Amino acid sequence: MAIRVGVVTFPGSLDDRDALRAIRIAGAEPVPLWHGEKWLSDVAAVVLPGGFSYGDYLRAGAIARFSPAMESIIDGARQGMPVLGICNGFQVLCEAHLLPGALIRNDHRKFVCRDQRLRIENADTLWTSGYQQGQEIVIPLKNGEGGYVADENTLNELESEGRVVARYLQDNPNGSYRDIAGISNAEGNVVGLMPHPEHAVEDLTGPAGHGTDGLPFFTSILQKLVGI
Amino acid sequence: MANYNVDTVKDAKKNPKLEQPYAELGLADNEYARIREILGRRPTSSELAMYSVMWSEHCSYKSSKVHLRQFGDKVPAQAKDVLLVGMGENAGVVDVGEGYAVTFKIESHNHPSFVEPHQGAATGVGGIVRDILTMGARPVAVMDSLRFGPANAADTARVLPGVVAGVGGYGNCLGLPNIGGEVVFDPTYLGNPLVNALCVGVLKKDEIKLAKAEGPGSKVVLFGARTGGDGIGGASVLASATFEAEGERKRPAVQVGDPFAEKVLIECCLEIFAADLVTGIQDLGAAGLSCATTELAAAGTGGMSVDLDRAPLRDETLVPEEILMSESQERMMAVVTPENLGAFMDVCKKWDVTATVIGEVNNSGRLTMRWHGDKIVDVPPRTLAHEGPVYQRPISRPYDQDALNGEHGNGLPRPNTGEKLRATALRLMASPNLADKSWITDQYDRYVLGNTVLAQPEDSGMIRVSENSNLGLALATDGNGRYTRLDPYTGAQLALAEAYRNVATTGAKPLAVTNCLNFGSPEDPAVMWQFSEAVRGLADGCQQLGIPVTGGNVSFYNQTGTSPILPTPVIGVLGLIADVHQRTPIAFNHDGDHLFLLGD
Amino acid sequence: MTRVVVDVVMKPEILDPQGQAILGALGRLGIEGVNSVRQGKHFELDVDDNLDDETLTRLADTLLANPVIEDFTIRR
Amino acid sequence: MTRVVVDVVMKPEILDPQGQAILGALGRLGIEGVNSVRQGKHFELDVDDNLDDETLTRLADTLLANPVIEDFTIRR
Ligand SMILES: Nc1ncnc2c1ncn2[C@@H]1O[C@H](COP(=O)(O)OP(=O)(O)O)[C@@H](O)[C@H]1O
């Protein structure tokens, strides 16, 4: 039986279909979840997709955090359920305090869309075990509020505990502190990532020459879940 | 509100001589006389508001209609087969095979983008996306064709960043990839930038929706955003006055968009379409409720009654005339049978979209509206939607056309040393019109939806129709105001040919054409000559190439003072590729490949 | 040095989607008794004591607010 | 009904790109004498007279501001 991985659609989610596709290509069963439902349909893991949620006029993710689906996801995550938040999903995870810090407006104040080079800094999380430690990948980045910020203590803690999952290489695209592109919680089951691995799962539509660099995010989790 | 005197049909009969401000609303003496003749009395002020917006240049195409007919008349025989819906509907629809159909259209939002660049451009994208949605299609990509004054002009610094942020922001919130466009700088556009937005949508061939109110007893539902005071009078203001003539007394033509509301509206509509819950649907764009009610009624059984006071308002002080003219964004109108109404409302509730029954279809042949019980509108809807005035405007070749064409570049100095050649090449490359555009396109999301095969900097954008198919669409837009000024007939054809080539070079076969015709005042015979020549050129060109024009948009009154902009037809070509894996990207991909130059 | 505060809000006739979204979230938070919310911008400037009102107004009018759709207030 | 104003500003140690950009633009506008600019959010709420301070604080603390990066003030 295929592993069921859910993707939550909030009002305003944009990359939900892409995340579902990535899960399918990785070999799992994609399960659409609705923000207004507490019931998570027996999924083994959840992806919070990119886009917007409830307009994000206040702060990205600020309102989504209070949705019925998120209540269950917050409970699940605390009990070890794997959760990946991409872009807006990362913002939701920070607002929900499942991850430390926050994401603010890009330092150049513009939306940016580009093929971004990253280094996987921690290949031990549930979502990154399919990569080599230190592996360099290129996946699309597209955000207006992608600047990762946190106080010095938090940043030091993240680094010393190996919880910086991915870092921007070459140009820092949004002013993120210490070039942080993604982080995990202490247990490693919750990961937030600003760039979009779900847009790099097919040679046809992914970044030229790096079309499938994002796929291991979705296969890693399957290996772990099957392995358990 | 309490002491506002509503002008009812009864009042119009009782007080037939009342002076009415028709001229201020942009109606000519003969047009006003014709309204009185149609109604057999003076119009109520609500009716006057409706006629003024529906008979504006922007909505009625009164100056362009006689020319645009050529697009239909000259449709090549072989093209008729692919055309599922032709010009006249919200957007044309073409058959692309495998059971899929595609709808696409380009539209201008020039004047609003000059007044408030960010919101103007944003709502331009919002409007064209709703047009595509209205056909029953899922919008799948957008493109933008932009013209600004010189790159180093102060006003360009005001307009350009706002426009780019508006186009990018609105499209981004809707989750639509931006797959291409143009940016051109020329002094002619300094006081009159052009913002043309294109949207393409995909649907199943048998799921096309049309704007018609059929079946007496069916309910008329207004859904989406509440109606506010934005853009009141905008429809006629933007098309009937020059930028400078915009007076204080007119309401601001600024509409503020809420792309998040539109995203939710799109998903809500698509769910409604999938469950087959509407018999007719129309978006509310320019002329808002006036346009939606009259067009739906005119295309269907022929009659409709509306309780206008039921329209949910954002601003409770609005009077009926203003509600009828409001251009508030993110609204739609649907015709729903009584059996389907419950299910329709449930979908709206799921998406948290406000939906209100405001009227009913009947077979009276009249569109009537009441305001708290009093009848304020009683009109034959076709007279607003289809039987507006049509003008054969005077045409005359510009007095300076010969002199202009007599100029040739032979006297200009040419680079005659390696050094000079190098300097010229560098200057060209660094010129704003030729330089790399990624400083703009990096602000647009090209990845979302996961079907983008080609985007910036390719010659045309290309998307996969669906992840279950290898079928692809290619799209390019082109236009050149300078060529068109020199020779409008050939200039339009050059733009067509360029877009056609851009599509062909990616490996796709061109299939259909859309166009946005940006010109000066139609009341200027020289402009009208440019316009008629350009249309004739485009229609002839399409006939020769064997592809149909499926729709488009005319934007007149693009001028600063009395100086018109360079005539700027922007042409969009849609192409089809059977297998997207066979696409030809712009880059040289393999060492040792041969290079060929085709043509003379 | 003086602290000046400039608050910028959408003109009342202009759509304010922000406020609507927040109002909707309050219900989910279980907070009652809030009837309307409008969201605007808040600027805190540190300025030289002798900066005159006229300059401040020009600053607000051209840079901090978009007078086409927004109103502003200045507090010293 | 009472008008309540909540102002939210970034904590001083967090980068404020908008404020920085405005400061940069001032030079171009020829405005001198402004030494620092910080941009925050301004909320105007219409609330029932009996809405207590505690609820208001909870509203500001959980929804209007993100205490990880922002501070807020409430004015009745
Ligand atoms: N306003 C725009 N929006 C989106 N894409 C644009 C825009 N302007 C230019 N582009 C894209 O940038 C690339 C280069 O544009 P351009 O320099 O006009 O190319 P060309 O001269 O070959 O048509 C093309 O892929 C084009 O689609």
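Any Cβ shown, glycine's included, is placed from N, Cα and C.
Those TrEMBL annotations? Automatic predictions, nothing curated.
Under the DSSP three-state reduction, A:CYS87 (active site, nucleophile) is assigned to coil, being neither helix nor strand. Residue density at A:CYS87 (active site, nucleophile): 29 other Cβ atoms are found within 10 A of its Cβ, drawing on all protein chains shown. The active site, nucleophile annotation in TrEMBL covers A:CYS87.
Listed in sequence order, the residues of the same chain lying 6 or more apart from A:HIS196 (active site) and placing their CB within less than 8 Å of its CB are A:ASP15, A:ASP18, A:GLY50, A:ILE86, A:CYS87, A:ILE139, A:PRO140, A:LEU141, A:LYS142, A:GLY214. Per TrEMBL, the feature active site maps to A:HIS196 (among others).
Counting every protein chain shown, the Cβ of A:GLU198 (active site) has 33 other Cβ atoms within 10 Å. The active site annotation in TrEMBL covers A:GLU198 (among others).
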